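Novice: My questions all concern the structure below.
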Amino acid sequence: MGRESRHYRKRSASRGRSGSRSRSRSPSDKRSKRGDDRRSRSRDRDRRRERSRSRDKRRSRSRDRKRLRRSRSRERDRSRERRRSRSRDRRRSRSRSRGRRSRSSSPGSKSKKAENRSRSKEKAEGGDSSKEKKKDKDDKEDEKEKDAGNFDQNKLEEEMRKRKERVEKWREEQRKKAMENIGELKKEIEEMKQGKKWSLEDDDDDEDDPAEAEKEGNEMEDEELDPLDAYMEEVKEEVKKFNMRSVKGGAGNEKKSGPTVTKVVTVVTTKKAVVDADKKKGELMENDQDAMEYSSEEEEVDLQTALTGYQTKQRKLLEPVDHGKIEYEPFRKNFYVEVPELAKMSQEEVNVFRLEMEGITVKGKGCPKPIKSWVQCGISMKILNSLKKHGYEKPTPIQTQAIPAIMSGRDLIGIAKTGSGKTIAFLLPMFRHIMDQRSLEEGEGPIAVIMTPTRELALQITKECKKFSKTLGLRVVCVYGGTGISEQIAELKRGAEIIVCTPGRMIDMLAANSGRVTNLRRVTYVVLDEADRMFDMGFEPQVMRIVDNVRPDRQTVMFSATFPRAMEALARRILSKPIEVQVGGRSVVCSDVEQQVIVIEEEKKFLKLLELLGHYQESGSVIIFVDKQEHADGLLKDLMRASYPCMSLHGGIDQYDRDSIINDFKNGTCKLLVATSVAARGLDVKHLILVVNYSCPNHYEDYVHRAGRTGRAGNKGYAYTFITEDQARYAGDIIKALELSGTAVPPDLEKLWSDFKDQQKAEGKIIKKSSGFSGKGFKFDETEQALANERKKLQKAALGLQDSDDEDAAVDIDEQIESMFNSKKRVKDMAAPGTSSAPAPTAGNAEKLEIAKRLALRINAQKNLGIESQVDVMQQATNAILRGGPLLAPTVSAKTIAEQLAEKINAKLNYVPLEKQEEERQEGGQSESFKRYEEELEINDFPQTARWKVTSKEALQRISEYSEAAITIRGTYFPPGKEPKEGERKIYLAIESANELAVQKAKAEITRLIKEELIRLQNSYQPTNKGRYKVL
């Protein structure tokens, strides 16, 4: 009611304003106006309700038609609003005119009152009927709107129907054309069959057939064209015409400037064949992104050309830098300030202190005195707190002398046993060195680079470095192979003060993206951890390439547990006036490790290993070291069968798996690890109690590092080494390691070594101790390039692709295979097969018997070796037993031994003495015989797959059937470097036949199979580092 009253007041006020001219109003006029007001109010309410209803209806309808006719619905709404506004204006004008009429007709007010009353009654009675009429009107309006919508829908449907009719008509026309073309083609084909016969002159006609076939294909494709595709083709044609018009217009404009454009126009207009060919490829190639992704076959690049281009690019990027042309920022290396307590120490006190600290020996001038506590080395409080937090109470012997020497800015060679804290010895001075320099700007490389030989050691150093770098606000990036390079590139681009890397991946980073990933301009501190392995011949080129790109006045530090004398000369090439700090002698196993060496047979090693595992595994973790990846996997299977859960770690495992295996082993998830020497360096595992050298280490340094995995940080450890009699040459290094570490040498090991020395002396050989540093890496020189070219020539020759200049290469590979065969040919005269029954004694037989007796007498005369020699060995033994004397070995003269040795040598050299040939001729001169041809092909030194291919049952059977020769496999396989014992032979194929041609055919087929396999191996060859460690 409040709203109605307000409305009533507003309406009355408006009426008061409109009727302000006649101020004198009668009571009857007021009543009639009130009635009119009431009626108008009721009408307004009805109108509002009806409008709201109509709005709801319209909304629901508009929702249904929204997707198809949004714009039309908006126009209808606007037209409705216009109609409503017009109707409102009409109502207002009518109400105003009524008011004027009421004011002008005041004299006949009574009659009008009566009329008004009667009208009000009629309206009151017919109120319901008026409402119904209004509803009818609204329904009619809605129906009109529906009709309008239906009209639009019908119009759309009509358009679609016409479009379909056009498409159907077009399809029908296409079908008719296709049928006509097919009929014509059939007629032509029949005419050609009837009227033509093939001749050499018709070769030119065959060239036209593909074009006709293409036409037929295009016409058949047109039959199955979808209407939408046809429409899109029309659009493309229009776009193309538009582009051609624009090109022609541009050409016409440019035609005035010079004659060159005229040539372009003529090319476009005359070369129709090119345009047709382009049509088949696709339209608008400049706008077709999908088509641009595919390159044409004509633009293929030669693989070898691309490879050589890449190699030359790599060489350019990694060439040594001319440091004289670069202005480097000055930096400070000497930060060490000697505290008064150390300054007061005399030289004698310093020597005594060094002797107490496990016998520190120092070489080099100007070495500072060793420190006694962390506060004396000049590090910040943040680092001191971190040291205390992580349990570093006091410096170890190597740290006491190495830290002040490095803080003084000197180059250093640090030699200390495993687990002695070498990592902290070079990390603490590095932090002080970096903090003294300005912070990195965008695009600048690191300040410190730490290089390691293995990925595991790189990860371990990174983990140790991050303990301190977080508090100092420094960034550390570990760069190593085997993982995705993109993440490492992203980290380097963000900037890092410290890079821990393996040399191979570091070179990749320096060469990546034309050297924009990182650079070595800011590097002033270089660390080589495990420096002896870094300077092994396999690693030297990569290490030197990185070091040569660093500024010459850098500070370089080297650390290792072993440092052979042969490596010192190489190390001094990159050091300037170094100080050598050695702790505890060179390469010594820690005294906390109890070492045991067991001389054992190969078959009993696994049972002994199970015994050790049963005794030690409950006390902690165990590492078993083997020499090869295959042995690691084989031993893993054997241990799993014996119910020992374990894991294997070697260079052939993916890097992600290697990381997870090391983490599981460190965390104690798995307590047994079978590994090659990949895990022997820098791997720090807590609670590692036992190391088993299942395969004996082949040099001293390898033994030291293997045994050094246990007994770290003052804990007790055990190291067992298995050695067989065949591995006696390694016993000397193990005896040396035991003696230097103060461990008693087992007597059976000493006996094994002394027997081996005696044997070598008897054979006239010199005993050489292997240092383990004889591996060779890639030298990137002309010799290697020549070898690579030779390999390519052999491949070309084998495949028949050689040039006329390279015809000799075809013979080379056959000559190499022939030399490896080391073939031995023999021709034997065999007796002709006859009847098994003995022949009757005839005159001929008697003559043969006489010849045999004479030969026997002559042999006895030639071999007149005394009375004992005429009696056989059995007779000698019988005589000894009858006499009752001791049974002695039968006496054999030196001449007999010499003859036996000569026969063996002759057999090896495939030599038949002349005397024997004469005897055979005399024996077989009058007998019926046939020749048997034999040839032996030694295949022991060929690759395993080549041997398998030749010695397979199917291959031998196929060769025998083809050549009609018998082929047998004889001898045993001996690995490279191992010579067969007396009476044994390397594996070989024996070919036998009565026909010499059959033997030659069999040999040629065997040669062909081996050649194919060798070529296949060369093509699939991946250059790998055969050493124990890899730079990845």
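If you go along the chain as it appears here, the first residue is 1 and each next one adds 1.
Cβ atoms are placed via backbone N, Cα and C, with glycine included.
Since we're looking at a predicted model, the values are computed, not measured.
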Novice: Which residue from Ser12, Ser199, Ser774 is recorded in Swiss-Prot as phosphoserine?
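Specialist: Annotation hit in Swiss-Prot: Ser199.
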Novice: If you check Swiss-Prot, which of Ser804, Ser819, Ser823 turns up marked as phosphoserine?
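Specialist: Going through Ser804, Ser819, Ser823 one by one, Swiss-Prot annotates Ser804 as phosphoserine.
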Novice: Quick one: sort out which of 329-332, 529-532, 577-580, 893-896 is the motif 'DEAD box' according to Swiss-Prot.
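Specialist: In Swiss-Prot, residues 529-532 carry the label motif 'DEAD box'.
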Novice: Per DSSP, how many helix, strand and coil residues does the motif 'DEAD box' (529-532) have?
Specialist: 2 helix, 1 strand, 1 coil
Novice: Go ahead and report the DSSP secondary structure tallies for the motif 'Q motif' (372-400): helix first, then strand, then coil.
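Specialist: Split into helix, strand and coil, the motif 'Q motif' (372-400) gives 17 helix, 0 strand, 12 coil.
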